[in-house]
Amino acid sequence: SPTLQELEVTVMDSRMCNNSRFWNGTIARTMICFQGQHRGSAPAKGRCPPGHGGGPCSLLGVHSPASPPPQGDSGSPLVCGKRPAVAGVMSFSSEKATDLFKPPVATSTVKYKKWIQKTLR
C-alpha cells in the first residue's frame, strides 16, 4: 500500500544483534538493530538508542503494519524518543523478511550528527 505506515519497534541490544545467532559480528557501532513488536522473543532494550532520551521507537514507511519491514523500506526514518526525533535511517534487512535471526538494521543518526549538521549548513 502506498499509504504511510508506522510500525512500533524495539531496539535490540547491539551485543545480541552481533552474536553468532544473528548478524555474527557484522553490525558496526553506527548501526541499530530493531524488531517489530510482533516479531519474536529476542532480548531487547525496549527503549531508544543512547542519545535519544528514552521512550518508544517507530519505523515510518510504506510497509504493512502486520509484517516486518521489507527491503523496500530502505531510507525510512526510525523515530524515537519522548519528543520524537529521527534516531536512524533504515539501512537493510534479511532477504527473507520472516527471518527472525536477521533483524532489520538502521544507520544511527546520532553517530553522524556533526556531519549531518555540517552538511545541512
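Cβ coordinates are placed from backbone N, Cα and C, and glycine is handled just like the others.
As annotated by TrEMBL, domain 'Peptidase S1' applies to 3-46, 71-116. Annotation source TrEMBL lists region 'Disordered' at 39-79.
On the 0 to 100 pLDDT scale, the model's mean across the domain 'Peptidase S1' (71-116) is 87. Residue counts for the domain 'Peptidase S1' (71-116) under DSSP (helix as H, G, I; strand as E, B; rest coil) come to 10 helix, 16 strand, 20 coil.
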